[in-house]
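As given in Swiss-Prot:
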- Gly145, Gly147, Lys148, Thr149: ATP binding site (BINDING)
- 1-76: region 'Domain I, interacts with DnaA modulators' (REGION)
- 76-99: region 'Domain II' (REGION)
- 100-320: region 'Domain III, AAA+ region' (REGION)
- 321-443: region 'Domain IV, binds dsDNA' (REGION)
Amino acid sequence: METKALWEKLINKLKKEKLIDQDIIEEYIVTSELIKISNTEFVILVRSNLGVTILNEFKEVFVYEFKSVLNSYVSVDFLTKEIFEKNTKKENKKEPINTVLSENALTFENFIVGSSNKQANLAAKNVVANPGMSFNPLFIYGDSGLGKTHLLQAIKNQAELNGKKVLYLTSEEFTKRIVNALNKGDLSEIEELKTEINSNEFFILDDVQFLSKKDKTNEFFFNIINNFTENGKQLVFSSDKTPELLNGFDKRMITRFNSGLSTPINALDIPTAKLIIEAEIKKQGLKQKIKEDAVVYLAQNFSDDVRKIKGLVNRLLFFGIQNDLGHIIDLEDVIDLFKDTPSANLGLLNVKKIKEVVAKKYDVTIKAIDGKARTTAIKNARHLSMYFAKIILNHTSTQIGAEFGGRDHSTVLSAISRIEKLIYKEKEFKKIVESLKNEIIGK
């Protein structure tokens, strides 16, 4: 969208939604000019210093309206024309910043977003676009291997691309620097370190839980937090648990952690795990094609964290080396390849759980369900398990066949059809099916 058209649209939205007094809109907004610096940075040129002061009171309204139009967060600054031109001249005199990221850099572009992490991703983008505003500090928590470090690195990289000065440290690096300064026995060393950290516009600290019970480090840390928040500079922290569950920190530190925004990265859901597997396969350059149901199988059974996914793809690459380029990796291949790998049981809804619940109901074994015996109880248990694999897990008939002793897809379709007919004809059987389904999905 052209800048002029964007500005007109924003003004019309502001008038319509009445979040700002109409007199202010006419006096200070309509008479202003929108300048696009980049896709994530805009400056609004205001006629007077008074106008700048007034519009700054509505900065969050502008950020919200830009988000509603552009579908992404942007930074917005209000300046007079004189100040803007003065700043532009200063910027032109600066040495150019090297903004070229390495191919393997962790960025927002290569962070796979799904329902398990979309809140954290949105919050991370927001603090880059609007540092030091509402979400300060930003506290991202979740188990190891879910992408916290990737998001923190993405914040660092994007903020630096935007020309911000950023310090990123692990808690181990942070502690080591403080201890080294303290060991020198000179207070000036501590002050120098404090000054160095405070000179940044972003301070990003990974794995703050490891600062637990480090009193001297935490005293220093608390002073840093105060300086950044008081000066409108952005803090970003990560941890394996929420602030409330952190042990070994005094109450004032927990209060500080909670004073901005705490947002989780949850366990990977199957669709997100599938996207990450596909992205990693593309990145690693697997030569052979791989069928979608094979990828889904991996996502459902082995992809409880990102690091494990990289290991899975490495095994696929090695498998590919051993086979012709024309070989298409299918479900049977991956089932055989990972048969000795413990299942992560992602989301706890899987074929194994279905078989366990149904086997218990019909008093048969899982081995019997997978086998060839055709007594009434075993046949009903087998067919019902296949039916649930279809309606609950949305598995393909080929995939179901592979998971039930290597049966072909026509056998699976026949079994599912038989169960559907029984549900339609027999009310008691329908009740049994509903009861088992609720038990499987945890209702």
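Start at 1 and count along the chain as shown; that gives each residue its number.
A Cβ is built for glycine as well, from the same backbone N, Cα and C atoms used for every other residue.
Averaged over the region 'Domain II' (76-99), the predicted model reaches a pLDDT of 64. With the fewest other C-beta atoms within 10 Å around its C-beta, Gly145 stands out among the binding-site residues Gly145, Gly147. Counting every protein chain shown, the Cβ of Lys148 (ATP binding site) has 23 other Cβ atoms within 10 Å.
Helix, strand and coil counts under DSSP for the region 'Domain IV, binds dsDNA' (321-443) come to 83 helix, 1 strand, 39 coil. For Thr149 (ATP binding site), the count of additional Cβ atoms within 10 Å of its Cβ stands at 18 [all protein chains shown]. In the three-state DSSP scheme, Lys148 (ATP binding site) falls into the helix class.
Shown for the region 'Domain I, interacts with DnaA modulators' (1-76): DSSP residue counts in helix, strand and coil, namely 43 helix, 14 strand, 19 coil. Shown in sequence order, Gly142, Ser144, Leu146, His150, Leu151, Ser238, Ile265, Val306 are the same-chain residues outside Gly145, Gly147, Lys148, Thr149 whose Cβ sits within 8 Å of the Cβ centre of the ATP site.
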